[in-house]
Amino acid sequence: MIKIYDTMTRSLQDFIPLNEGKVNMYVCGPTVYNYIHIGNARSVVAFDTIRRYFEYCGYQVNYISNFTDVDDKIIKGAAEAGMDTKSFSDKFISAFMEDVAALGVKPATKNPRVIDYMDEIIDFVKVLVDKEFAYEANGDVYFRVSKSHHYAKLANKTLEDLEIGASGRVDGEGEIKENPLDFALWKSAKSGEVSWESPWGKGRPGWHIECSVMATEIFGDTIDIHGGGADLEFPHHTNEIAQSEAKTGKTFANYWMHNGFVNVDNEKMSKSLGNFITVHDMLKSVDGQVIRFFLATQQYRKPVNFTEKAVHDAEVNLKYLKNTFNLPIQENANDEELEQFVKAFQGAMDDDFNTANGITVIFEMAKWINSGHYTSRVKETFAELLEIFGIVFQEEVLDADIESLIEQRQEARANRDFATADRIRDELAKQGIKLLDTKDGVRWTRD
């Protein structure tokens with residue numbers, strides 16, 4: 001059985017879906033005002049791998065990841081670029097889709113956009129106001145945190161803890177809010193900003209309400225899994241829970257999953273710190289599968305330290321797996337140990353999707369394959385396990401000229417003409433073809 005570390009309970013929980021054989025996943029997507037960096041990609045790759053493993057286990061996965069296309073950063077970026085907000089966000093949505101495709105990420109079942117749910121957002125806020133979980137102040141609408149008795153349970157904090165932390169913060173909003181912790185559901189329009197008509201005047205939604213509305217509109221009141229980066233635990237996911245459960249009176253998500261950061265020199269990679277590299281730029285020099293494999297080297301909840309050496313190591317290791325995949329089939333080989341590797345791999349992934357341990361099993365399997373156990377059945381299974389990580393290798397076919405040289409070398413060796421055999425071997429090496437003579441014949445790998 002798959003076990004998931006649930007942030008809400010701070011413990012491993014058996015995964016029991018709402019509907020047998022089906023998984024509903026909502027993963028917070030990007031705010032589309034810039035290219036995504038490697039830290040952003042961690043979440044995309046981690047949850048794509050989790051989705052793929054569910055599918056490998058036979059589940060039908062409804063995977064939703066949104067685009068936040070109404071936001072202060074988008075408004076600011078569009079103004080600086082001299083573009084309207086929709087054209088500006090469209091540009092970065094297209095860039096995002098290109099980047100994640102290069103990382104081998106499967107298309108989501110749906111990528112909802114905030115601008116397509118404005119009526120539903122307004123209706124959601126109206127319900128909260130009617131139930132007195134929200135109040136209007138000068139055209140803004142705020143969620144009344146004091147009425148949410150278990151507020152911040154996801155972040156393992158009490159309301160008192162948060163109030164102490166917020167007591168020193170004074171800003172323009174604080175003068176009209178009942179409580180410094182109250183958060184905006186609807187923001188009144190400012191001059192020149194995109195806005196929509198509402199019962200409280202022209203304005204636009206707050207960030208947190210957007211995901212609650214899209215998730216419940218698509219999945220209903222309760223979903224199986226809600227995921228995102230660890231930085232979303234508070235306040236974003238905390239506020240999603242508060243407003244969603246205030247409206248429905250039901251549990252918003254049964255499992256909360258949060259991925260760790262990509263760090264640079266032990267600090268979180270982020271745009272605000274300026275210590276980031278975009279996927280768009282990195283793809284100019286590094287293959288997307290290498291980036292993805294690098295991100296999978298740690299279990300999704302643990303941080304990944306970004307260094308040139310770590311990326312290089314991922315490239316070398318991926319090349320080894322590719323060469324293993326392209327070894328010639330030996331149908332008479334003994335493959336009885338195959339099920340042991342499959343069982344070990346499943347054990348690793350069932351344990352909260354431990355990709356680090358899963359990769360260890362794959363390398364042990366590759367070593368076993370290289371020792372002469374590569375049947376068609378083994379190759380099919382090897383490819384199937386790699387695909388869970390989004391790694392798909394194409395069958396490599398040698399050029400006729402290279403195949404001819406390998407055959408000539410074999411003949412030279414058979415005739416004990418080792419000088420010719422060595423010359424051909426060196427010539428092939430210059431073309432990136434490395435030969436290995438075994439008791440079962442010659443094998444080749446691409447260097």
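Keep in mind that glycine also has a Cβ here, set from the backbone N, Cα and C atoms.
Looking at 19-29, 30-40, 294-304, 393-403, the range tied to motif ''HIGH' region' in Swiss-Prot is 30-40. Annotated range for motif ''KMSKS' region' in Swiss-Prot, selecting from 233-237, 268-272, 328-332: 268-272. Counting residues per DSSP class in helix, strand and coil order gives 3 helix, 2 strand, 6 coil for the motif ''HIGH' region' (30-40).
Across the motif ''HIGH' region' (30-40), the prediction's mean pLDDT works out to 96. Here LYS271 (ATP binding site) is positioned 24 angstrom away from GLU240 (Zn(2+) binding site), judged by their C-alpha atoms.
Counting only the Cα atoms, the space from CYS28 (Zn(2+) binding site) to LYS271 (ATP binding site) is about 18 angstrom. Helix, strand and coil residue tallies for the motif ''KMSKS' region' (268-272), in that order: 0 helix, 1 strand, 4 coil [DSSP].
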